[in-house]
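Chemist: Pasting a structure below so you can have a look.
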Amino acid sequence: MVLNSDLTTQDKERIINPIERPTVTQDLSENVILTTVDDLYNWARLSSLWPLLFGTACCFIEFAALIGSRFDFDRFGLIPRSSPRQADLIITAGTITMKMAPQLVRLYEQMPEPKYVIAMGACTITGGMFSVDSPTAVRGVDKLIPVDVYLPGCPPRPEAIIDAIIKLRKKIANDSMQERSLIRQTHRFYSTTHNLKPVAEILTGKYMQSETRFNPPKELTEAIGLPVPPALLTSQTQKEEQKRG
């Protein structure tokens, strides 16, 4: 074995595969990121929330202020979507009525998993000022769909909406892919049966062909002052005789 005496110290430092363990320098630690699949997946989701805006009352006016340059909710990665199939967050802002409840549930079911809900305002959470006397207001949207973050207020300020989004981002950061397959939607909220009365469709597209348009009721024609057709008088007389029986 012949040693090369001309080998300098600089050439020794160029050894590609040294035997000893290399020391981790400060420059190397700043360029290496250690993470898990859950953390990477959650980070990508919380950084690009696409909300579906479901505004039915005055709370939506406060949420509209976030779109402006003063609050600028785009810095959180929020992009408003008009289609539920492209959204992963729905924000219910305003009173939910019995007639609007089936449409809200349908929009929620069309959203892909995982999906989240923010209940914004007192009317959405408990019914608000309509919870006592109104026969059509739903006393809490959590009776229809699961809610992740409750945002009280009448209406909440835009700063409160930002705080709710930050809390939702923290919740998304702690999600686990293994636990997500075991947790069902019914485990996330308290559900009670809501008696919804089925109502016939009003807008059928056949208004011009309706019977009442060609044969208006007798009371209506008398109130307007139109002459009552003989056929209408005969039909009204027959109906009265049938009722008397």
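Glycine is no exception: its Cβ is also placed from the backbone N, Cα and C atoms.
In case it helps, Swiss-Prot gives these features for our protein:
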- Cys58, Cys59, Cys123, Cys154: [4Fe-4S] cluster binding site (BINDING)
Chemist: Tell me which of the binding-site residues Cys58, Cys59, Cys154 sits in the most Cβ-dense spot, judged by other Cβ atoms within 10 Å.
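Modeler: Per the Cβ count within 10 Å, the most buried is Cys59.
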Chemist: Would you list, in sequence order, the residues of this chain other than Cys58, Cys59, Cys123, Cys154 that have their CB within 8 A of the centroid of the site's CB atoms, where the site is the one recorded for [4Fe-4S] cluster?
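Modeler: So the extra residues in range turn out to be Ala57, Ala93, Gly94, Thr95, Met120, Gly121, Ala122, Thr124, Gly128, Gly153, Pro155.
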Chemist: I'd like the Cβ neighbour count for Cys123 ([4Fe-4S] cluster binding site), meaning other Cβ atoms within 10 Å of its Cβ, all protein chains included.
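Modeler: For Cys123 ([4Fe-4S] cluster binding site), the 10 Å Cβ neighbour count is 29.
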Chemist: Give the helix, strand or coil assignment DSSP yields for Cys123 ([4Fe-4S] cluster binding site).
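Modeler: SS state of Cys123 ([4Fe-4S] cluster binding site) = helix.
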